[in-house]
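**Q** Starting off with a structure, shown below.
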Amino acid sequence: MTKNFASVVLRDARRIVVKVGSSLVTNEGRGLDETAIGEWCRQIALLVQDKREVIMVSSGAVAEGMKRLGWATRPHLIHELQAAAAVGQMGLAQMYETKLRENGLGSAQVLLTHADLADRERYLNARSTLLTLLKLGVVPVINENDTVVNDEIKFGDNDTLGALVANLVEADALVILTDQKGLFTADPRKDSSATLVHEAKSGDPALEAMAGGAGSNLGRGGMITKILAAKRAAGSGASTVIAWGREPDALVRLSQGDAIGTLLVAQTQKTQARKQWIADHLQLRGSVTVDAGATQKLRGQGSSLLPIGMTTVDGDFSRGDVIAIRDLQGVEIARGLANYASVEARLICRKPSTEFEKLLGYAAEPEMVHRDNLVLTR
C-alpha cells in the first residue's frame, strides 16, 4: 500500500461514472433527500461545464417506494421489493429530472439488468444509446430494472452495475460515493486502530480481506461489493475512487485532483483492455472481405470499416458479434464488433451509407465496424 495518492487519475478523467448509494440520496430511508440530490446535480453541472461527460448510477428507488407505500422497514418478499422499486423509480427519475434541469442539464432514465449487458446485441445497443446521450449533453441516470428481474434484487447491487456501465462506455474513472470515507485496513466502527487506505492496485488480493461486513438496511452493498466493483471496472482500464459522499464538493474536488477517499488504480490502459477483450475473449461468428482501399485505411489510418469497402460477407452473425476482417488474399487483418447482422451486411455491401435507409428500411450507424470496436491483428 502507498499513501502517494495519484490525484492525476481523476483530474484527467473526461468520462466519469458516478454511483451514489441509498444512504446518500434518502432521508435515512424516509424518501428521497431533495437537498442532497440537488447538490449532486449542481456538482455534475460543474463537471459538464469543465467538458467532462458524467453518467449517474443512483440507488434510492426501493427506499423512495417504501416511503410512498408507508413501509418503515425493507421487505424481504421479492414481489414487495419489486413493487417498492416500481413505485419509487417514478419519484427518483422525477427528482433527478427536476434538479438537473435547474442546473441547465437534460436527463435520461436508463434501466438496465445484467442480462442486457451479457447479450452482445443489447450490449451494443445500450452502448450506442449512452454514447449518443453523452454527445447530446444529456446526463443518463441509470438504475437496475429491479421490477422485472428477481435475482437483481436478491443478489445484485448498484456498485456492480456502476462497474459494468464503466466497462460499457469505456469510462476513465468510476466514483463510488458512500457513507464511509473510503476503504480502511479494518472496520473503523469496531477497530480504533484502523487507518484509511489512500491508494492501492485494484487487483490487490489484500483488499478483499480488509473489506467485509454488510451495508445498511436501505441498500444492498457493503464495502466488499465496492472492492469487487473496482476490480471489475479495472478490466476496461477504469480506476475507481471510493469516497464519503457527504464530503463538501466531493465530485468537484476529486476532478481538481484533491486526495479524497481511496483510489484503486487500474493496471491496464483503457484502449489496451478493450482491444484485448475483442481480440482474445470472444468467438468469431463470421467474416467480411474488404478491398485494397479499405485495407490500407484500416492499417494505415486506424479508420472504421465502412460497408462500401466490403466485397463479401461470410457466415451467419448478429449485431454485436465479433467478426474477422480479411483482405483480398483471405488473410485476417483485423476483427471487431459488427454493427449489422450478416443478413443486413450483405444488403449494404459495397453501398454508401446514404442508401442504407432505402435498403434496410432504417438508417443506423454508417460503419460496419467502428474503429473503437476494432483491433488490428496483422
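From the backbone N, Cα and C atoms, a Cβ is placed for every residue, glycine too.
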**Q** In Swiss-Prot, the residues Asp146, Asn158 are said to bind substrate. Which of Ser59, Ser236, Ser239 is said to bind at that same site?
**A** Ser59
**Q** Can you pick which of Lys19, Lys51, Lys351 Swiss-Prot lists for the same ATP site as Thr178, Asp179?
**A** Lys19
**Q** To the nearest Å, how far is the Cα of Lys19 (ATP binding site) from the Cα of Ser59 (substrate binding site)?
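**A** Between the alpha carbons of Lys19 (ATP binding site) and Ser59 (substrate binding site) there are 8 Å.
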**Q** Around the recorded ATP site, report the further residues of that chain (criterion: Cβ within 8 Å of the mean position of the Cβ atoms of Lys19, Thr178, Asp179; site residues excluded), sequence-ordered.
**A** Val20, Gly21, Ser23, Leu24, Ile176, Leu177, Gln180, Lys226, Ile242, Gly245
**Q** Measuring Cα to Cα, how many Å separate Ser59 (substrate binding site) from Thr178 (ATP binding site)?
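**A** Cα-Cα distance, Ser59 (substrate binding site) to Thr178 (ATP binding site): 11 Å.
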**Q** Max Cα distance spanning Lys19, Thr178, Asp179 (ATP binders), Å?
**A** 12
**Q** Taking DSSP as the reference, which of helix, strand or coil describes Asp146 (substrate binding site)?
**A** coil
